[in-house]
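Worksheet: one structure, shown below.
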C-alpha cells in the first residue's frame, strides 16, 4: 500500500499482484502470434504461387491480423491494474468544512418528453442535498430542449428543497433523491409523512403541467424567464435563458439555513449555427458557471443519474485535496450503477467490463476515458496542462477569476446571457479553430473520450480513447 500523507492519508493505491501473471502470459502469447505469422509467411513463400492458393490463404491471414490487433489492444487493461481507495474518515482530521473548495454541478437534459421534468428535478434535489457547505454548492441545469416545462419543474424543486434538505440532514437520510426514498417503504422515516405529502403535491403539479403541455399564467409570475416563451419561440430557434431559481445566502430553508444555488440555463439556438449537442451544452455551462460562481471543481451528470450517497463529495475531496496529486489531477470518475437489472444480469446490462474491470486496468497507465456522467473535473485542467495554460478571451472565464457580485445581479445575468449565445464561440478558442478535426457525437458512448484541445478550453466529444491529454485520471470503485 502507498499512502499519500504519513499523518492523515486521504487515499491509497494498491498494485494488483496479478499483473505479473498477465505480463508473462502476454509475452508467451506474443511469441505464439509471431510463430503463427511466421508460418503464414513461409507457407506463402515456399508454396507455388497461384491465384487459387493466394485467395485461400488471404482470408486466414487477414482474420489472424484482425484478431491479433484486437488482442493487442486489450492488453493495456492487464499490464498495470491499480485499485485506488479513498479514506474519507481522515478528511475531517486534515481539513475543516470551511476549507472545502466550491463545487459547480452540471446537469444536462434535452427533451421534456423523453427525459421527464420530474426526473430532472429529482436529480437536482439529490445533489442539492449533498453533505457539503450550501454556500459553496451550485447546480446548473442545461435544458437543450428549451422547455418551460423543465423550468417549471425546477422552480417547484427549488421550493420543495426548502423542506427536503433540512429533513434529509436532520434525519441522516442516505437516499436523498425523493422519488427513490419514498419508493423504498422500509427506509421511510417516521417523520416523513408531511414531507411525502409535499412531494406528492409537487409531483402532481409538475405532471399536470407536462400533460397539458404549457405552464399556466398563475405560475409564470414566479420567474421572469417565462416571458421569453413567445409565439416565435421554438426548440431550434430561441434566445438564451438564464434564470436563478435559488441563491445561496439569500434563500433559506425552513430552519433558516442557506440552500445551494440552482440555475436554469437554456442556451441560444439558431438553425444557422451548429450547436454540437451535449458537448456544446457543457461548453455553455462551463462559461455561465465561470461568470456566476467559478468553482474550481465541476461535476457533470446526466438528468437521470441520481446521486445515491450524500458523502460522494467527501470521497472526491480525498483526491482533489491531496497536495501530492492535485497539480496534475484532471478528474475523478465514479463508476455507474444501474437499477432494475435482474439478479443474474444475464444480458450484461450493468456493463461491468466497461465501467468496473477495464478502468482498474487503465488506472495504472494514464487513466480511463470519460464516460459522460458521474465525473468531478478540475476547472483548471480545462485550460490546458500544468505548464501550458491557455488564457481565455474574457477575464471572467479564467479559472482564477473570483466573482464579486451576487449571481442574480443584473450585470452578472447580462454577462451570463452573453456567453450562452450561439454565436459566442465564433472566432474564439472555444471551438471554431480546427473544427474539422472534431467528430461530434449525438450521445456519450464508452468509446467517447474527453480531451482538452490545444485550441482552448473545450468539452470535445470525439471518437476514440483520447484520455492521454490530461493525466492522471482516477477511477473509484
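Glycine is no exception: its Cβ is also placed from the backbone N, Cα and C atoms.
These figures come from a predicted structure and were not determined experimentally.
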Which residue range, 20-38, 77-95, is the one TrEMBL calls transmembrane segment?
20-38
Near residue 278 (Mn(2+) binding site) in space, meaning Cα within 10 angstroms, which of the binding-site residues do we find among 114, 115, 144?
144
Need one number for the UDP-alpha-D-glucose-binding residues 114, 115, 144: the maximum pairwise CA distance in Å, whole number please.
12
For the binding-site residues 114, 278, the one whose C-beta sees the most other C-beta atoms within 10 angstroms:
278
114, 115, 144 excluded, remaining Cβ within 8 Å of their centroid (UDP-alpha-D-glucose)
109, 110, 111, 112, 113, 145, 303
For residue 302 (Mn(2+) binding site) and residue 114 (UDP-alpha-D-glucose binding site), the CA-to-CA distance in whole Å is 13
